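Trainee: Just lifted these from TrEMBL, have a look:
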- 24-35: compositional bias 'Polar residues' (COMPBIAS)
- 69-193: domain 'Heparan-alpha-glucosaminide N-acetyltransferase catalytic' (DOMAIN)
- 1-35: region 'Disordered' (REGION)
- 75-98: transmembrane segment (TRANSMEM)
- 110-128: transmembrane segment (TRANSMEM)
- 140-159: transmembrane segment (TRANSMEM)
- 179-197: transmembrane segment (TRANSMEM)
- 217-235: transmembrane segment (TRANSMEM)
- 323-342: transmembrane segment (TRANSMEM)
- 354-377: transmembrane segment (TRANSMEM)
- 383-405: transmembrane segment (TRANSMEM)
- 425-445: transmembrane segment (TRANSMEM)
Amino acid sequence: MASYEAIKNFEDDEDDVEMALPHSQISESRSQTLSSTIAQTTPLNIHNVQEQPSTSSRNQPQTVPKPPRLVSLDVFRGLTVALMILVDDAGGLIPALNHSPWNGLTLADYVMPFFLFIVGVSLALTYKKLSCRVDASRKAGLRALKLLVLGLFLQGGYFHRVNDLTYGVDIKQIRWMGILQRIALAYLVAALCEIWLKSDDTVNSGPSLLRKYRYQWAVAFIISFVYLCLLYGLYVPDWEYQIQTEPSSEPKTFSVKCGVRGDTGPACNAVGMIDRTLVGIQHLYRRPIYARMPECSINSPNYGPLPPGAPAWCQAPFDPEGLLSSVMAIITCLVGLHYGHIIVHFKDHRVRTIYWTIPTSCLVVFGLALDLFGMHINKVLYSLSYTCVTAGTAGILFVGIYLMVDVCGYRRMTIFLEWMGMHALMIYILAACNVFPIFIQGFYWGSPRNNILKLVGVGT
């Protein structure tokens, strides 16, 4: 079990990207290559404290041991992956686990902010020391691009659902946004902020910590201000869309009446308007979350047939990971970055806990106050109140895991979550993106529907 000194001296290679999801399944190689350049997306294990190299020979090159990693971050990542799988599989059966149809907060609505928070914490450790800012920026851009391309491949429409045996993707209707694309955007902006926007001030107190990273906080406030101006200031005109009601018939056109500013309902919000204008309505998610609202489903809070007199917007595409909401998601990543700064600059557990607890409490209280005064908690719009409450909750959970695992040393009960956290991307692709079920469906007898999944009662 790692000692306190191991955590106290924690550092990370500048080439290491401990991202929330894109965690390579070749993490074992890091511990085997201490004398060479470390693989880009493979963090170091923290199972044991590495011994110092021998200094008996002056002529032979010496390997510098890698300090151990923060176990609580892996456990938090693994817990988030497990939560994601739970809500994906059980959300349709238990409404409290599924995403809120519009305003409100459920267990599923915490998954995305948790991932973004973990990205931020990891970036602070990744870029603790920089040899070349330009080179670090280039590598950050390449990693974000890889993640973006992976998101397009996994969520752009190529992979089908387990009960929809169709393959291929129509480029005219490909979904451009998605979960990995949002994480790529937040990661890139937060990484560039960490690389370029920090001063050389010495940190020995809370105020000095804020001064050192004041430009990053300025970016967070500017992003929030721009988001609020666009959400509540943009004029949303009337709009229309088409859907194919029958395979052989002409598409049916629906008209949605708006002509308003500052509306945060499903039909006339600026988030959807920006996506329809810049991305194109044909490239948005075709199973909108608001289709589970009572106005749009007789089985609400689940999907179902339209009730009599349903609004025209009920079947309109709407991307839950749209452009404007993804911009706001950067704030969650920057909050996690601040938590990582506390790890970097303060070594005492008590001091870290105090400096984590203060912003956590402020965020939760401020977010709940915003919701009380009308700025509702809304995951789809990624509202400011939602940002504050979920980021604060992520901080609370991270502090709890840190105290349990890294301070008290209770690792045995979290070893499986730690393993999941170290292989998060692989698990995400296999489980959440249906790659494993699709692979199983590739083997059938007589008809594609006579596969192993049908035998076990999945996707039937």
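Counting starts with 1 at the first residue shown.
Note: Cβ is positioned from N, Cα and C throughout, glycine not excepted.
Automated prediction, rather than curation, is the source of TrEMBL annotations.
I would like each feature placed in context: is it buried or exposed, what are its neighbours, and how far apart are things?
Mentor: If you take every residue in the domain 'Heparan-alpha-glucosaminide N-acetyltransferase catalytic' (69-193) and average the pLDDT, you get 87.
Here the transmembrane segment (179-197) has Cβ contacts under 8 Å with residues 19-22, 112, 115-116, 119-120, 123-124, 126-127, 130, 133, 136-137, 140-141, 143-145, 147-148, 150-152, 154-155, 213, 215-216, 219, 321, 326-327, 329-330, 332-334, 336-337 of the same chain, all six or more residues outside its ends.
Long-range neighbours of the transmembrane segment (323-342) within the same chain, counting only residues 6 or more positions beyond its ends whose Cβ lies under 8 Å from a Cβ of the stretch, are 112-113, 116-125, 177, 181-182, 185-187, 189-190, 193-194, 203, 209, 212-213, 216-217, 219-220, 223-224, 226-227, 230-231, 270-271, 274-275, 278-279, 352, 355-356, 359, 363, 380-384, 387, 390-391, 394-395, 398.
Sequence-remote contacts of a segment are chain residues at least 6 beyond its ends whose Cβ falls under 8 Å from one of its Cβ atoms, and for the transmembrane segment (354-377) they are 103-105, 206, 209, 264, 335, 338-339, 342, 346, 383-393, 395-396, 398-399.
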Trainee: Provide the three-state DSSP residue tally for the domain 'Heparan-alpha-glucosaminide N-acetyltransferase catalytic' (69-193): helix first, then strand, then coil.
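Mentor: The domain 'Heparan-alpha-glucosaminide N-acetyltransferase catalytic' (69-193) comes out at 81 helix, 1 strand, 43 coil.
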Trainee: Please report, as numbers and ranges, the same-chain residues at least 6 past the borders of the transmembrane segment (383-405) whose CB is under 8 Å from any CB of it.
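Mentor: Residues 70-73, 75-76, 79, 105, 109-110, 113-114, 117-118, 121, 224, 227-228, 231, 264, 328-329, 331-332, 335-336, 339, 349, 352-353, 356-357, 359-364, 366-368, 370-371, 375-377, 411, 414.
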